[in-house]
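A.B. asks: Annotations per TrEMBL:
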type	residues	note
TRANSMEM	12-29	transmembrane segment
TRANSMEM	35-52	transmembrane segment
TRANSMEM	59-80	transmembrane segment
TRANSMEM	86-104	transmembrane segment
DOMAIN	117-217	domain 'P-type ATPase A'
TRANSMEM	233-251	transmembrane segment
TRANSMEM	257-283	transmembrane segment
TRANSMEM	571-590	transmembrane segment
Amino acid sequence: MNIGMRLRGPWANPAMAGLAIIASWTAELVGSETWGNIFMVAAAIIAGLPILKKAIQALRVGSIAIDLLVSVAAIGAIVIGNYWEAAAVTFLFSFGHALEARTMNKTRSALSDLIEVAPDIAVVMRDGEQVEVPAYTVKAGETVVIKNGSKAPVDGVVIAGTGALDQASITGESIPASKGPGDQVFAGTISTGGLLQVEATGVGADTTLAKIITRVEEAAEAKAKTQAFIDRFSQWYTPAIIILAVVFGLITGNITLALTLLVIGCPGALVISIPVAIVAGIGRAAKDGILIKGGEFLENSAKIDAVALDKTGTLTEGRPVLTDVITLGGSSRAEVLRWAAIAEAGSEHPLATPVLEAAAAEGLASPGFPDSTEPVAGKGIIAENAGGRILVGNVALLEQEGLTDLGEVSEAADRLASEGKTPMIVAVNGHVLGVIAVADRVREDAKAMVNALHRAGVKRVVMLTGDAPLVARAIAAQTGIDDVRAGLLPEDKLTAIEDLQKQGYTVAMVGDGVNDAPALATADIGVAMGAAGTDVAIETADIALMADDLLRLPEAIGLAKRTVAVMKQNIAVALITVGALLAGVFAGGVTMAIGMLVHEASVLIVIVNAMRLMKRPEQHSAARVENRQPEPAVV
């Protein structure tokens, strides 16, 4: 019973055919040539019938498959009495396919691991009791309990308790993340301590894990340009081999030679050379929390030689704080900050938040909302409040409003900007009260990321920002950025990408997937960072970095380059093998059996070569060691 169960898989036919071949050899050893031939033909039929069936199925849809070459060769060998050749060819082809299937499954292990991550059972609070239910029955809004050692069955938000979750399956991060009230939880993450009560926000197909699985499945099927070419090549190559074999058979009268040509002409290694590398590359990326849309994007990523980075939230932490309040003309700190807060209360600009937070922290009364506000693109904001006209912005805004004699103010603003801070001049009713400055902290891994990009072959790392040039250059000096494009409006970022492309660069744009949508769409490769839990980024970005980790970017580019290198190596192995076999046939040293053995060996070499991509390179670890000694700076 157990043996029968084992023989139902891909190994069934080669196993039975192998037994028949052994029986044939045994019969010949005891002097029964007839039974030897019968067993050998039986082996060819057992191994060959599934191959013939696939060949017929392909013909019905107008495709000439490799299976047809093997089938014709085997049938021809039986007809002319070469029973051993027929059995050997079909057995080796069948055995090779079973071995290939098993090896290919290993390259798809990333997807299998993701699927296995999803738990089947959830503990839900219902009527005040903890109830175990199938995970797919949990509804949005229900409270799920996640205990130490268990897996989160849903996406959600922590409403009670503290703990830590291993998020490696989603973000690729190796260190568990601490969780408390208000923090986001992803389905499939594992509790490493504590007890969490989580309100379900995404269940079933709406979880981040489910979206990742779908994305990886689609990506594995999406063909690269090189693969599309190989597929087109195979469509005429296989018929050409058949015609070549027929022609040589007719000219030479050597049917065995013609049949051997059919066998050694099989483009198996060539056909599989690209998809196996793509599956392995995308699988490795998924394990590291990097989602790549498909083979074409993986191939294009290997060509990236320029990377454009949005400053805020990418190179910096995206949480600016107030750093300076400079008073002028006899005004007080509280007065400058209060008027600035009144104007910023009506602003949606990210720099409004640190001003309002600082005013509240210093005990200033809530400013309420101004009577009216008028944002001025690239310059600042104008607000009206109780008869006071408030200006908060740069020198250009003050000059636009007719203020003069700004030497001292301009000097103070330039000094702050040279320190990497964003200065904002505060003026009320035509009188300058002072200058405030806000700054964002440069990410600790920003410099290591730029260095890693250069090691990965990126020639230009460009920062795109709406900040003043002095601020931008200060950040560039700290991080090693090659080029700075400052003072940009949103549409200017798109123009900057186009300018790099006109210079011949293959450009990757890194942004948040929403605000930078035009530039991301224009770039050759659009990269969204911190995409976990962000549906738009997962769906639209060419590459989605699930963790908010800058070092994933050079890792993605390096992986793409290695994958393309493996693709080229595989193609070379396939072509060299076919060429060598053809030469061997015409030299008279290659039989059908030897040809099929070498053919299947080349296929396995191609697969094993691609499997090297599943191993994480040592240089990635080195980059992270470099990042353990950061030099944080406030800018």
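The backbone N, Cα and C atoms fix where each Cβ goes, and this holds for glycine too.
Remember, predicted model here, so these are calculated numbers, not experimental data.
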A.B. asks: Using DSSP, break the domain 'P-type ATPase A' (117-217) down into helix, strand and coil residues and give each count.
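C.D. replies: Its residues divide into 21 helix, 47 strand, 33 coil.
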A.B. asks: Under a criterion of three or more Cβ pairs within a distance under 8 Å and sequence separation of at least 6, are the transmembrane segment (257-283) and the transmembrane segment (12-29) in contact?
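C.D. replies: Counting Cβ pairs under 8 Å (6 or more apart in sequence), the transmembrane segment (257-283) does not reach the transmembrane segment (12-29), since there are fewer than 3.
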A.B. asks: Suppose you look only at the domain 'P-type ATPase A' (117-217); what would the mean pLDDT be?
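C.D. replies: Averaged over the domain 'P-type ATPase A' (117-217), the predicted model reaches a pLDDT of 83.
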A.B. asks: What same-chain residues lie close to the transmembrane segment (59-80): Cβ under 8 Å, and 6 or more beyond its ends?
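C.D. replies: For the transmembrane segment (59-80), the nonlocal Cβ contacts are 41, 44, 48, 51-52, 86, 89-90, 93, 235, 238-239, 241-242, 255-256, 258-260, 262-263, 265-268, 271, 592, 596.
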